[in-house]
Amino acid sequence: MAFDAEATKRCSLMTPDAMAEADRRTIAAGTPETTLIDRAARASLRVLRSEFTRRPVTILCGPGNNGADGLRLGEMLVDAGWPIEVICLGEPPSAERHRGLDGRLRPTGTFAPGPGALVVDALFGAGLSRPVEGEARALIEKLEFAGASVLSIDLPSGIDGATGEVLGIAPQADVTVTFHRLKPGHLLGEGARRCGKVFCADIGLQYREGDASALHNAPELWRHLLANGARETHKYERGHTVVVGGPGFMGSASRLSAYGASVSGAGAVTYLAPLSSAEFAGTVFDAVMVRPMTGPEALEELAEGKASSIVIGPGMGHGALSRDCLHTALASGLPCVVDADALTLYEDEPSKLFSALHEGCVLTPHEGEFARLFKGVEGDKLSRAKAAAARCGATVLLKGSTTVIAGDGLPVINTNGSRSLATAGSGDVLAGLIGGILAQSVAPREAAAAGAWIHAEAARSAGPSLNADRLPRRIAGVIDRLVS
Ligand SMILES: NC(=O)C1=CN([C@@H]2O[C@H](COP(=O)(O)OP(=O)(O)OC[C@H]3O[C@@H](n4cnc5c(N)ncnc54)[C@H](OP(=O)(O)O)[C@@H]3O)[C@@H](O)[C@H]2O)[C@@H](O)CC1
Ligand SMILES: Nc1ncnc2c1ncn2[C@@H]1O[C@H](COP(=O)(O)OP(=O)(O)O)[C@@H](O)[C@H]1O
Ligand SMILES: [K+]
């Protein structure tokens with residue numbers, strides 16, 4: 001079961017190159033470039049007026065169409081009676097590009113933004129092709145301590161729209177106005193931090209299949225996949241997740257996973273408890289079934305019977321039983337969430353793990369686990385997640401303040417996380433939640449996307465006191481609201 005097709009178009013993220021191509025297509029189909037610039041400037045004006053009160057505005061314009069947007073916006077602000085000045089990089093723009101700006105052009109050396117001023121950053125956007133240096137760099141440096149507000153057109157100049165990385169330098173914007181679709185760089189790394197509040201305006205470009213390079217995660221993509229069974233189904237038909245428990249005191253992480261699975265909408269959760277923790281597990285769980293486990297046969301029996309997904313790794317430890325269980329879980333062919341200790345068991349020989357994985361598996365590493373398992377995979381977060389998924393042949397969910405999911409189909413970027421999620425055990429809950437969604441016959445990338453968003457949403461309204469114990473109850477609330 002896949003993402004909603006119409007939502008996929010709306011949630012598409014486009015690289016600067018794909019954007020330039022869409023631009024060319026639209027122009028070739030009869031819309032003049034000046035019309036696109038006019039629409040981009042008008043959209044920027046709308047946002048500027050909604051976000052800022054009237055004040056002195058300095059517009060920094062680069063040599064390309066990002067600068068052209070800035071010049072056109074300047075003309076519109078003059079018409080609206082705003083006090084503005086315009087500073088252009090390099091050669092002065094041709095007269096036709098700044099007809100309405102007579103007497104407003106200033107040399108770069110005069111740029112001295114004061115607190116309370118608004119600076120429009122129209123130096124570089126999608127056409128950024130190398131690190132920002134020289135005069136452009138000096139302008140952006142002046143912004144750093146000026147205390148002025150910054151509105152960036154398309155991207156904060158210096159942010160790579162494909163990756164979110166800073167090429168040389170980039171300003172901290174308060175507001176960014178972009179066009180048609182967001183770019184990955186608006187959501188990743190420094191890009192996510194530097195854009196401020198992001199607005200995306202329709203300027204009449206056409207969307208075409210194949211334009212997208214990634215998706216921005218949102219419930220409209222996967223909401224229809226949740227609680228998809230008929231009302232009168234049997235509990236096991238709603239999905240049955242098996243959580244492989246951990247021994248002794250370490251078992252708490254796996255119990256959090258079981259709680260995560262138990263609020264996922266799956267019909268049943270079984271917790272397989274090693275003997276050292278079975279009695280205790282039996283006393284803490286009510287809705288989760290507990291089965292003692294002496295060896296991997298217990299997992300094998302469930303996998304061949306009623307189980308429809310497995311969660312393995314949290315609190316499991318690195319002993320012989322863990323290895324046997326991991327082998328059994330992966331060999332079963334059932335959808336599997338592979339987390340925590342299951343990711344690090346084979347960190348010295350990852351190929352052994354990779355060769356046992358299959359396309360129904362979801363790996364959920366944080367950055368530390370990722371670095372140990374996918375040695376040599378470097379670059380921006382989107383590229384790393386994609387490379388890792390290709391290397392291991394499964395879906396990879398790379399955690400963090402922004403979470404990236406790569407697997408079959410377009411990768412997905414999840415951005416609704418908040419710092420309150422950075423609490424011990426929250427990742428264990430996530431693993432269980434995804435396992436529970438997988439158990440309901442949702443495909444791995446889709447289940448991971450749904451799990452990441454729901455998990456983050458559950459924490460969003462919580463304060464710093466949120467702990468992993470209280471997360472499942474909040475997750476239940478989010479899911480119930482989504483499917484009601
Ligand atoms: N596509 C759309 O949907 C629409 C796009 N629109 C707008 O157009 C923008 C894209 O315009 P664009 O392609 O002209 O690129 P832009 O960002 O102005 O930069 C290119 C110029 O900068 C230069 N340059 C680059 N890096 C540099 C550096 N580090 N240091 C110094 N110079 C550097 C580069 O020089 P070159 O690499 O050629 O030597 C070239 O001259 C887009 O962001 C949006 O605002 C809307 O108007 C309409 C619809
Ligand atoms: N700064 C942050 N902002 C948003 N989400 C975060 C942040 N830091 C961590 N998270 C999320 O919190 C969870 C932590 O998982 P993990 O690192 O596995 O912790 P644990 O092992 O303690 O459960 C992940 O879902 C991750 O995406
Ligand atoms: K810009």
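Just so you know, glycine gets a Cβ as well, placed from its N, Cα and C.
Record note: TrEMBL gives Asn66, Ser157 as K(+)-binding, and the candidate from Asp23, Asp102, Asp121 in that site is Asp121. Here TrEMBL has Lys399, Gly400, Ser401, Thr402, Thr403 binding AMP, and the candidate from Gly368, Gly376, Gly427, Gly432 in that same listed site is Gly427. Around Ser157 (K(+) binding site), the same-chain residues at least 6 positions away in sequence with a Cβ under 8 Å from its Cβ are Leu60, Gly62, Asn66, Asp121, Ala122, Leu123, Phe124, Gly125, Leu128, Val132, Ala136, Ile140, Ala170, Pro171. Within 10 Å of the C-beta of Ser401 (AMP binding site) there are 15 other C-beta atoms, taking all protein chains into account. Between the CA atoms of Ser401 (AMP binding site) and Ala68 ((6S)-NADPHX binding site) there is a gap of 35 Å.
A Cβ distance below 6 Å to any atom of ligand 3 is met, among the binding-site residues Asn66, Ala68, Asp121, Ala126, Asp154, Ser157, by Asn66, Asp121, Asp154, Ser157. Just so you know, of the binding-site residues Asn65, Asn66, Ser129, Thr402, Thr403, the Cβ with the fewest other Cβ atoms around it within 10 Å is the one at Ser129. Considering only the binding-site residues Lys399, Gly400, Thr402, Thr403, Gly427, Asp154 ((6S)-NADPHX binding site) has Thr402 as its nearest partner by CA-CA distance.
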